[in-house]
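Have a look at the structure below before the remarks.
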Amino acid sequence: MENSENSVDAKSIKNSETKIFHGSKSMDSGIYMDNSYKMDYPEMGLCIIINNKNFHESTGMPSRSGTDVDAANLRETFTNLKYEVRNKNDLTREQIVALLDSVSREDHSKRSSFICVLLSHGEEGIIYGTNGPVDLKKLTGFFRGDYCRSLTGKPKLFIIQACRGTELDCGIETDSGTEDDIACQKIPVEADFLYAYSTAPGYYSWRNSKDGSWFIQSLCSMLRLYAHELEFMHILTRVNRKVATEFESFSLDSAFHGKKQIPCIVSMLTKELYFYH
């Protein structure tokens, strides 16, 4: 099997069928309590994919080879799920802010949900435009319920393929599984947001120059298999397992060879999310 080198999404450091019922009724009050998001609006929603590959020389950040594979894979996956996909390439930090501000001002009243995918270099709490960093909190804040009223009560998903630090996970041999205490970034508790990070806080995120990033490969694969069968958090758990068990870095630099990765999901969703209805 041909090996191609893995890279990290950080600044350069050196050169049987089960039926699922989507609601329940309180036996005491007789009030219908819907446990899943309403996904039968006229439109599924927008999926914005920001794919930053080439960076200004002043940033000192290398090109992100393999990211175009991710962008194409995501476009196909979410188009098949009936989302209106908009791909944007090589945006500056100012352009990213302006784009998401503009999208948040659109009328989403006929849309079931919103998805934003960020493919770039990053650090903890930061994503990079082609000319420098921007706070993730600033970008997600445009879609808060008090700012984007037409998405209030609807699921807002942010999928982030980027490094969150410079730690490397060497992995551990096990025959029974391990339990790690992973403390995620403190995020404001606005309801109905979900953040799917490619890696745990403080760690590198790996990307293959030929096949794309481990996380996006796995996410698209699991969505293709299970989007019409499983709830989204269950799908993401399978993504976590796939990344954790099926990938290991290959690098000509011994310090970066044989490393592992685990995605991190931060959910403030208040209902179950199914991509079918």
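Cβ coordinates are placed from backbone N, Cα and C, and glycine is handled just like the others.
Some features that Swiss-Prot has for this protein:
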| type | residues | note |
| --- | --- | --- |
| MOD_RES | M1 | N-acetylmethionine |
| MOD_RES | K11 | N6-acetyllysine |
| MOD_RES | S26 | phosphoserine |
| ACT_SITE | H121 | active site |
| MOD_RES | C163 | S-nitrosocysteine |
| ACT_SITE | C163 | active site |
Between C163 (S-nitrosocysteine) and H121 (active site): CA-CA distance (Å): 6
Are there any residues in the same chain, six or more apart in sequence, whose C-beta is under 8 angstroms from the C-beta of C163 (S-nitrosocysteine), and if so which? V8, D9, A10, H121, G122, E123, T199, Y203, Y204, S205
